[in-house]
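Step one of this worksheet: look at the structure below.
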Amino acid sequence: MTTDSITAVEADPRDRVHAVRHRYAHRGDRATVQDWAYTVYLSVILGAVYVAPVVYLVRTTEALVSLPSAGAATPVACLVAAAVFWGAQLTGRFWGPLVLKPFLLHVFMSTDLSPTHYLGTIARRRLGYAGLGTLLAVCTATFLATDLFDRPGSALLPQSLAVAVGVGAVAPVAWLWGQVRTVRENVLLAAAVAVVAAATALLGRSALLGGSGPWLVTGVLAAAAALLGRSAFRSVRTVDLARLARESARAAEAQTFAWTGTLHHALDLYRPQPRGLTSALTRPDGRLRGHLAQGAVRAVRTRGRALAAAVFLPAGGALLTLGVAEPDARLATLSWMTGAVGVYLGSGWTGESWRGLRDELTLAPLLGEWWGGLLARTLAWPVVAVVVPVGLASAVTVLARWPLQGGGPSDAVLLTAGSVVLVLGARFLREMKMNLPVELLLPLITPLGDLSAVRVFVWQFDGLVVVLAGVLVMNGMPSASGAALIALGAAACCVWAGLRRTGWSLRPLVARLGRV
């Protein structure tokens, strides 16, 4: 690089940012060709084993969601756009487009460049990639789940593509907004999005637009992307650089954990810290409160997780009950699986009791081996916190759909209870997870090649795999009692495997649990 070129680079902030990023991208420890080849190979294997059969099955069956007219497509488009917008906002709160490598951010902060120059330049590029990825994801989901692409000559096809482009334009803006704006502003924007989506859906279904509801959705999305994008980029110059440095360091550490096979450790970095209500754990006389009261207080100390659990558990219970009672097999299986996944996610947000059990099973007892009441102390709250809201939501759903058309109430109760037991077993298996076992890294030679990476992938998401596989097996059973027995057996296997992960076998554990 000559002196003239250096001077030219220094004259333009955008070129200076590009030069720094170019030099950093070509450093010595960057990904090699072999690394990229292995990533491509793993993606192909996962696609051939998991994605291709699902795509073939979906495309050879009737569409999951039929949208014959613009009036039917407009509410669905509004719901999808709002969900993508909220998801982008939430993602921005944890991992926004301004998060950089810690060293690269330190270099930029040490220069005379303003945050608008280097953060704005990098954000524009990332938002472009995010918009393209969102567009492809929305088009793929539309192709797989609806019948809009089954009619090439329909007027809904160009309207659907326009809505997908609008979602791809507004999602990156929401991603940036979620990072640069405060929590209060994000909540207000989310509420405004809900109001606008409801109004647009109602107006799109009316006869005033004459079948142009999707075009209205596209116009609203375009206007939102323009207005919010301008406001979000103006806020880049006011970003708290110290907070951004902490977020970048945490993201780098999480990425290291994820690439080395311990994804659950990476997710632990984003667990919110408990706040307040410490004195509520004890009674006025100084004694500890009951197990349920302690669990409830600890759950409320992380308000965001408690709120998420309060939403996911009843919603999952309702969908779960709809799935076991729905006479339509296609909708029943999807609703059943979605509800089970919702309950599984909500069960992990009920508090830190699962982690407390793992710590008591694995860490050294500093105050001696006093094991009496271990299960009551650690499992009373998470079990009650899952069973009660799911049971109430299931009861309300059954009463709302009475009489049931897919079977008797006893079958629905058995299937719902079996699914909840399966979910609790899968959650126990996931929370007892320690470091990645070395034996999983050994080669697993098959006609398709080495599938050890697939085995590691399954280990990372073992709880979710157990829930989905268990629901599919239960759905294939001819009787509800047989499905409930399958769920009970799977939950018992999960408990056994979870105990083995902590280094305990059943006999010595039972002996120690009896000590008081």
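One is the number of the first residue shown, and numbering goes on along the chain from there.
Placed from the backbone N, Cα and C atoms, the Cβ positions cover glycine too.
Copied from TrEMBL, the annotated features are:
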| type | residues | note |
| --- | --- | --- |
| TRANSMEM | 36-58 | transmembrane segment |
| TRANSMEM | 70-88 | transmembrane segment |
| TRANSMEM | 94-115 | transmembrane segment |
| TRANSMEM | 127-145 | transmembrane segment |
| TRANSMEM | 157-178 | transmembrane segment |
| TRANSMEM | 187-208 | transmembrane segment |
| TRANSMEM | 214-233 | transmembrane segment |
| TRANSMEM | 306-325 | transmembrane segment |
| TRANSMEM | 379-400 | transmembrane segment |
| TRANSMEM | 412-429 | transmembrane segment |
| TRANSMEM | 481-499 | transmembrane segment |
For the transmembrane segment (412-429), I need the partner stretch with the highest count of C-beta pairs below 8 angstroms, choosing only from 157-178, 214-233, 306-325, 481-499.
481-499
Cβ contacts under 8 Å made by the transmembrane segment (379-400) with residues that lie 6+ beyond its boundaries:
291-292, 294-296, 298-299, 309-310, 313-318, 320-322, 325, 343, 346-347, 350-351, 353-354, 357, 409, 412, 416, 420, 423-424, 427
Cβ under 8 Å, sequence separation of at least 6 from the ends of the transmembrane segment (306-325): give me the contacting residues as numbers and ranges.
299-300, 331-347, 349-351, 385-386, 389-394, 396-398, 401, 404-407, 411-412, 415-416, 419-420
Against the transmembrane segment (157-178), which of these stretches has the most C-beta pairs under 8 Å: 70-88, 127-145, 187-208, 214-233?
214-233
Within this structure, do the transmembrane segment (127-145) and the transmembrane segment (214-233) have 3 or more Cβ pairs under 8 angstroms, counting pairs 6 or more apart in sequence?
no
Sequence-remote partners of the transmembrane segment (127-145) [C-beta within less than 8 Å, at least six residues beyond its ends]:
55, 58-59, 63-65, 80, 84, 97, 160-161, 164-165, 167-169, 171-173, 175-176
Which one, 94-115, 187-208, 481-499, has the most C-beta pairs under 8 Å toward the transmembrane segment (70-88)?
187-208
